[in-house]
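J.: Annotated ATP binding site per Swiss-Prot: 11, 59, 87, 93, 104, 114, in sequence order. Summarising the annotation, Swiss-Prot assigns active site, pros-phosphohistidine intermediate to 117 and lists sequence analysis as the type of evidence.
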């Protein structure tokens, strides 16, 4: 099996509560290599562009407002089955429905303030990685 890459965001609520280290440690303990990472403060235009697929949905404006409210940590994670395994690790979007032991069950505050984002497919991962990183910023180990 070959290595895959997935995209992760540690969202404003988790950054504000100083959970970056704890969440990154969970990624590494689960076998992910962090091959790129950086802190970003999104502009409204960047947030709207990243979440363009949700434009017109009832939650879109609140999502954009939330994502520009504080810095985020974007990262590229690598391992076999990265997309599927990362989605399992972070748990359901709604932390009330997330399984015990998942990142969202442990750290998320609510459906809106759910601490992390993860790509839902290899195609999404490629698009999301390219939105934030150039190739030279990704360093396989």
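Each residue, glycine too, has its Cβ placed from N, Cα and C.
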J.: Round to the nearest Å and give the CA-to-CA distance linking residue 93 (ATP binding site) with the residue listed as 'active site, pros-phosphohistidine intermediate'.
T.: 9
J.: Cα-Cα, whole number of Å: residue 11 (ATP binding site) versus residue 117 (active site, pros-phosphohistidine intermediate)?
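T.: Between the Cα atoms of residue 11 (ATP binding site) and residue 117 (active site, pros-phosphohistidine intermediate), the distance comes to 7 Å.
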J.: So among the binding-site residues 11, 87, who's got the most Cβ atoms within 10 Å?
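T.: Counting Cβ neighbours within 10 Å, the top one is 11.
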J.: Name, in the order they occur in the sequence, the residues of the same chain whose CB lies under 8 A from the CB of residue 104 (ATP binding site) and which sit 6 or more residues away.
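T.: Residues satisfying the criterion: 90, 91, 92, 93, 95, 98, 114, 115, 116.
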J.: How many Å separate the Cα atoms of residue 87 (ATP binding site) and the residue listed as 'active site, pros-phosphohistidine intermediate'?
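T.: Cα-Cα distance, residue 87 (ATP binding site) to the residue listed as 'active site, pros-phosphohistidine intermediate': 9 Å.
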J.: Measure from the CA atom of residue 117 (active site, pros-phosphohistidine intermediate) to the CA atom of residue 59 (ATP binding site) and give the result in Å, rounded to a whole number.
T.: 16
J.: Any idea which of the binding-site residues 93, 114 has the thinnest Cβ neighbourhood at 10 Å?
T.: 93
J.: Where does residue 104 (ATP binding site) sit in DSSP terms: helix, strand, or coil?
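T.: DSSP assigns residue 104 (ATP binding site) to helix.
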J.: Considering all pairs of residues in 11, 59, 87, 93, 104, 114, annotated in the record as contacting ATP, what is the maximal C-alpha distance expressed in whole angstrom?
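T.: Greatest Cα separation within the listed binding residues comes to 21 Å.
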J.: Using DSSP and three states only, what is residue 117 (active site, pros-phosphohistidine intermediate)?
T.: strand
